Amino acid sequence: MGVSGPRRSPGPPDGGWGWVVLGACFVVTGFAYGFPKAVSVFFRALMRDFGAGYSDTAWVSSIMLAMLYGTGPVSSILVTRFGCRPVMLVGGLLASAGMVLASFATRLLELYLTAGVLTGLGLALNFQPSLIMLGLYFERRRPLANGLAAAGSPVFLSALSPLGQQLLERFGWRGGFLLFGGLLLHCCACGAVMRPPPGPSPRPPRRRLLDVAVCTDRAFAVYAVTKFLMALGLFVPAILLVNYAKDAGVPDSEAAFLLSIVGFVDIVARPACGALAGLARLRPHVAYLFSLALMANGLTDLSSARARSYGALVAFCIAFGLSYGMVGALQFEVLMAAVGAPRFPSALGLVLLLEAVAVLIGPPSAGRLVDALKNYEIIFYLAGSEVALAGIFMAVATNCCLRRSRDASPSPGTEGGASDTEDAEAEVDSEPLPTSTEEPGGLETLEVPSPGTGPSEPKVEAELGLDSESV
């Protein structure tokens, strides 16, 4: 077939409709991370109506978070099979249906299955595809895009918690759950705008639904271990902060305001760090910037373990919010740079599953230690040590294992000394990223360059829609 007319250059558009996709990703990220925490405002009413304790009621949020993280591989398989937009539309319906059904619950078990399992699964089916689609639309501005999308978490948490309190006071917890279910339908709107970027759509062989071979990649292994260590302690100080302040004699209203300080600094830090990571001099070293953010967060916990005055706690919140925002802005950018866009869906699913295990170990263990020891200092020391260790491991492993292995066997025509993370990013910058196209019937396909081929050689397409035989 002859070529007629100019063709669009390969690679993501880095703008255009991508800004709409970024806005949708901002909303989805806000719901995914903010919603499980926001429903905690209903816990006291649930404890009263069901005659349950706090720990039993808190399992609603815990199950929701476990579904968000633990179903990562399932989401990866569904995205590879059906595409991002259909999965997000179904996820939005599931998340909404879970909260609507929860408003009719008569037992805690029913809340676990509806608000916990169903809504958590729906949020998971929105969160992961939105990040994948964001990577298809942005390359040069990807660090900034990731930072802006990550800012949805503190923004929505700051908005959903007071909104939930107002709904609780006006309509009770059942009415609040029902209205929250309607609010989650916005996830369907976000899924609807996930239009695949334009590009050619040739037919090649099918790709595996879940590429577990990514686990053999050294850069992925380093990142996975780092994330596991990080998740053990990263969320603990924020969870215990208010009670820690009250235990130090801080009034209730001032103790609650500490979380607002963390949220405000977090909102500013995420897009700012994303823009910083996008600078030409820093982007090749984003893994080290991520490790620096982890070490800063861990050292903040360690240095503030004995903070008792309100001024010292405010200083801790500012430092913690800054480093926490940096971690949130960089975590998925580092993974994209490490494994490349074609393997990012599978890598993300496996990392989220690993993180789910750590989340189920870290915060609950910290709560048990507080109950047993009646001492918050040890918790801050443990959490800070785990996060700082994650940062140290990331920096040392990237420098020693990845960089030195590259030095030992440099590729022809390139200089030795580049880490796998940097190589992967250079590959993403120099080769076309997969572009997703929509075919008749609403199916989406993802084009992936064949391994070891140049721009002039044929591409291999990994299907995100149905295979040609079923069409």
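Every residue, even glycine, has its Cβ placed from backbone N, Cα and C.
Look at TrEMBL and you will find 420-430 tagged as compositional bias 'Acidic residues'.
The domain 'Major facilitator superfamily (MFS) profile' feature in TrEMBL is assigned to 18-402.
Positions annotated as region 'Disordered' by TrEMBL: 405-471.
Sequence annotations record features per position, and here TrEMBL assigns transmembrane segment to 16-36 (among others).
The transmembrane segment annotation in TrEMBL covers 57-80 (among others).
The transmembrane segment annotation in TrEMBL covers 86-104 (among others).
Taken from TrEMBL, the feature transmembrane segment covers 111-138 (among others). Residues 12-14, 17-18, 21-22, 24-25, 28-29, 31-32, 35-36, 39, 46, 59-60, 62-69, 71-72, 74-76, 78-79, 84-85, 87-88, 90-99, 101-102, 105, 144-146, 149, 177, 184, 187, 190-191, 194, 196-197, 332, 336, 341, 344-345, 348-349, 352, 433-436, 446 of the same chain lie 6+ residues outside the transmembrane segment (111-138) yet bring a C-beta within less than 8 angstroms of a C-beta in it.
Sequence-remote contacts of a segment are chain residues at least 6 beyond its ends whose Cβ falls under 8 Å from one of its Cβ atoms, and for the transmembrane segment (144-163) they are 18, 22, 25-35, 37-38, 41, 130-131, 134, 137-138, 260, 263-264, 266-267, 270-275, 277-278, 325, 328-330, 332-333, 336. Taken from TrEMBL, the feature transmembrane segment applies to 144-163 (among others).
Residues or ranges marked as transmembrane segment in TrEMBL: 175-194 (among others). Among residues of the same chain six or more beyond the transmembrane segment (175-194), those with a C-beta under 8 A of the stretch's C-beta atoms are 20-21, 23-25, 27-28, 31, 35, 39, 42, 84-85, 87-89, 91-93, 95-100, 102-103, 115, 119, 122-123, 126, 129-130, 133, 164, 167-168.
Taken from TrEMBL, the feature transmembrane segment applies to 220-244 (among others).
As annotated by TrEMBL, transmembrane segment applies to 256-280 (among others).
Feature annotation from TrEMBL assigns transmembrane segment to 286-303 (among others).
What TrEMBL lists as transmembrane segment is 310-332 (among others).
Using a Cβ-Cβ cut-off under 8 Å and counting only residues 6 or more beyond its ends in the same chain, the transmembrane segment (344-366) has close neighbours at 62, 65-66, 68-77, 79-80, 124, 128, 131-132, 135, 210-212, 214-215, 220, 223-224, 227-236, 239-240, 332, 335-336, 338, 379, 382-383, 386. According to TrEMBL, the feature transmembrane segment maps to 344-366 (among others).
Nonlocal intrachain contacts for the transmembrane segment (378-397), taken as residues 6+ away from its ends with a CB within less than 8 angstroms of a stretch CB, comprise 222-223, 225-227, 229-230, 232-234, 236-237, 240, 244, 287-288, 290-302, 304-305, 362, 366, 369-370. Among the features that TrEMBL reports, transmembrane segment is placed at 378-397 (among others).
For the transmembrane segment (256-280), the most Cβ-contacting stretch among 16-36, 57-80, 86-104, 220-244, 310-332 is 310-332 (pairs under 8 Å). When Cβ-Cβ distances below 8 Å are used as the criterion, the transmembrane segment (16-36) is approached by residues 61, 64-65, 68, 88, 95, 119-120, 123-124, 126-127, 130-131, 133-134, 137-138, 145, 148-157, 159-160, 180, 184, 186-187, 189-191, 193-195, 197 of the same chain, each at least six residues removed from its ends.
Note on the transmembrane segment (310-332): residues 131, 143, 146-147, 150-151, 153-154, 227, 230, 234, 237-238, 241, 245, 248, 250, 254, 258-259, 261-274, 277, 286, 289-290, 293-294, 296-297, 300-301, 304, 348 of its chain, located 6 or more positions outside it, place their CB under 8 angstroms from a CB of the stretch.
Within the model, the domain 'Major facilitator superfamily (MFS) profile' (18-402) carries an average pLDDT of 88.
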